[in-house]
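According to TrEMBL, the protein has these features:
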- C205-C226: disulfide bond (DISULFID)
- C304-C325: disulfide bond (DISULFID)
- 37-153: domain 'Ig-like' (DOMAIN)
- 159-254: domain 'Link' (DOMAIN)
- 259-351: domain 'Link' (DOMAIN)
- 1-15: signal peptide (SIGNAL)
Amino acid sequence: MKSLLFLVLISVSWAEPHPGNSSLEHERIVHIQENGPRLLVVAEQAKIFSHRSGNVTLPCKFYHEHTSAAGSGTHKIRIKWTKLTYDYLKEVDVFVAMGHHRKSYGGYQGRVSLRESSENDASLVITNLRLEDYGRYKCEVIEGLEDDTAVVTLNLEGVVFPYSPRLGRYNLNFHEAQQACAEQDSVIASFDQLYDAWRAGLDWCNAGWLSDGSVQYPITKPREPCGGKNTVPGVRNYGFWDKDKSRYDVFCFTSNFNGRFYYLIHPTKLTYDEAVQACLKDGSRIAKVGQIFAAWKLLGYDRCDAGWLADGSVRYPISRPRKRCSPSEAAVRFVGFPDKKHKLYGVYCFRAYN
């Protein structure tokens, strides 16, 4: 017992506060808060807006709370940018910098760098933006044992559209839904993108996959087959489903394009194969569904002629509703998936700019 008491007294004497401080706990608090500068990371803007193919800077700067200096000079500063998933549980590496060393990852290679307009500037520059760049990014600055983070959201100007394949309604599992969007010059939409589209007036009764694996649909005009006519408008949520076995439609997101979308003036109507060849002969390719939606929503494209698209569907974009051309609303009108070999229509083409 005496030996144990002796050891306790030694431990207390080693941890005793400096003269003038009355308690051990107070000494520890003062040490953490005031013994040296505390690292702070700040994003001057929480949201940044841009568009596909553009360049953008995600703002991030770091400071020390009790000094005006960017760094203490004792440790090298490490800057790391990651992209957050919808639930914040997983992070995708984007860019890391420490001293003269720089490394970018995955699809960001060759497209990301630090702005470095000042000693404390950790802002990330992304060039040639892609649809999949949309989302939340975390800026983390580490100096010795100190670190802090800030989050910036990158929004892209674009349009959300519902999509189902020739097979019909509710025929896509999650992975097939991702592929279907990619084939139509788009990506699977996020909840935030669908919510913004709903606020802008999107009304669609069929449930579709979103990028977080949930199944939802937007209703602006409640009615009996779509959740009930006495319900309030909103984005209806079916919850999360098995990505391999469950089958629904999908909501895709696309943005502006670097090219020309147009209706091909041709002396005759065409079968699907003839339409494909006609676009090729004109130096273009048959347009995709995402391209007709982008041209309609972002460029105000308006044409009352139904035309073939790459997936075998026939559609036409109306920005100015009028008699015989979507009199009640501006929309991309869907004719269907006609017989490719026997039905005759015009064609929409797309010519990419180099």
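Numbering starts at 1 and runs along the chain as displayed.
A Cβ is built for glycine as well, from the same backbone N, Cα and C atoms used for every other residue.
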Cα separation, C226 (disulfide bond) to C325 (disulfide bond) (Å, whole number)
26
Express the distance between the Cα positions of C304 (disulfide bond) and C205 (disulfide bond) as a whole number of Å.
25
Should one count Cβ atoms within 10 Å of each candidate's Cβ, the disulfide-bonded residues C226, C325 would be headed by C226
List, in sequence order, the same-chain residues at least six positions removed whose CB sits under 8 Å from that of C205 (disulfide bond)?
Y217, I219, R223, P225, C226
What's the number of neighbouring CB atoms sitting within 10 A of the CB on C304 (disulfide bond)?
14
